[in-house]
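According to TrEMBL, the protein has these features:
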- B:1-33: region 'Disordered' (REGION)
- B:41-211: domain 'CobW/HypB/UreG nucleotide-binding' (DOMAIN)
- B:GLY45, B:PRO46, B:VAL47, B:GLY48, B:SER49, B:GLY50, B:LYS51, B:THR52: GTP binding site (BINDING)
Amino acid sequence: MTRAALLVLADGRFPAGGHAHSGGAEQAVAAGRITDAAGLAAYCRGRLHTAGLTSAALAAAACAGADPLRLDEAADARTPSPALRATARRLGRQLLRAARAAWPAAELDALAGARPRGVHQPVILGVAARAAGLGPADASYAAVYEAVSGPATATVRLLGLDPFEATAVLARLAPELDDVAARATTAGVRAAAGGRTDVDVLPAAGAPLLDIAAEEHAVRTARLFAS
Amino acid sequence: MHLDHSETTAPQHHTSGAPARRVLGPPAPAGRATRRRALRVGLGGPVGSGKTATVAALCRLLHDELSLAVVTNDIYTREDAEFLLREAVLPPERITAVETGACPHTAIRDDISANVEAVEELEAAVGPLDVVLVESGGDNLTATFSRGLADAQLFVIDVAGGDDIPRKGGPGVTTADLLVVNKTDLAPYVGSDLARMARDARAQRGGKPVVFTSLAQEGGVRPVADWLRERVASWRAA
């Protein structure tokens, strides 16, 4: 196992398509829900404890060896917005491409063959972490960080927010990232315990406003970000 | 001065070091195993230089001769894709748009995953294709395509953007496989010296071809189309 692989996987420059997505921040900015660093912090906190927790637990379960196809169904059930399901699968395909180049593994190849239209991105993240020699906690960390770093980067571009302030928002959230990642890891490992896949123990935290905003964003004619 | 002809050089050598890559996608459908995937051609250049117009003109001129598809990278709208649809240069299923998160150069160079995916989806949906044109969102003079995305790239500038652009160089002007200097019809009105642009471009590009176009004129895209035909021929032969 190499911990440094986590830095590669969680790097914002990892070429898996994330740069074109705002994690819902574009719509939140358009609706006036994020106007400054404080608004960004509140938005990130909300996303972390809902979509972030759910995603991280899926990633941890996949990394712990749960059946990725069952997890993909579980992710569908936890994603009410069709636009977000499509986004998650698209990002899953893009991540799978990058992961197969970075950490070639039969498991990744098999997933590409079984689901050519894509698997939810957090599930791929977990299998990729596993292929990289990482553990479930690492997969959780990558997922929770992604849940907040995407909106922060996007808000810098959308609002001209001071990048130092945006980064400070992320730094202040770090203890909460630890907490959510720990809960997600526990749930994910439980879901994969004993060589079975028990998706019912995975968290299903959701944020209705994120779902509604994603649907609104998907039909906008002018936008910088894909989601 | 017959710029269209004097600056169009002989067939391209394959200096790009872009051999057929291992494609990390599903295998080609049965019956296409012997056919090579489409040639992927990137079009970059500053905003307003005529990238979309060049794509439209190429499609109009070549669609009977080559199986074509287009990926656009609009900055914040779908206007480029919609322009191509409105102009009906290709059937709608052959045109797709990719969002770039405010960073058009990232989508063609640093993280090409969305564009590669769009290209592969087009090939799967409407293939076999001869050429996929990937049009970058308008960007600055440093924007170039990754070799993981484009087998060949052309860079479109225009005379109205200032006749010192070839002299300024930059990765787009100096490294593109073809430099297109568009809107030559405007040169007298904006005081641009075409001969100077040709001279500077030659000096910057070490023998790589430059063409001058005026898409406002009938058949104005022909020098670019000729270059593209040559690239397709060498791609098929390789």
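Even glycines carry a Cβ here, placed using N, Cα and C.
Any TrEMBL annotation is an automated prediction that lacks curation.
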So around the GTP site, B:GLY45, B:PRO46, B:VAL47, B:GLY48, B:SER49, B:GLY50, B:LYS51, B:THR52 aside, which residues have their CB within 8 A of the centroid of those CB atoms? B:GLY138, B:VAL156, B:ILE157, B:ASP158, B:ASN182
Mind giving me a neighbour count for B:LYS51 (GTP binding site)? Other Cβ atoms within 10 Å of its Cβ, every protein chain shown. 27
Indicate the candidate from B:GLY45, B:GLY50 with the smallest number of other Cβ atoms within 10 Å of its Cβ, considering only these binding-site residues. B:GLY50
Taking DSSP three-state, what's B:GLY45 (GTP binding site) in: helix, strand or coil? coil
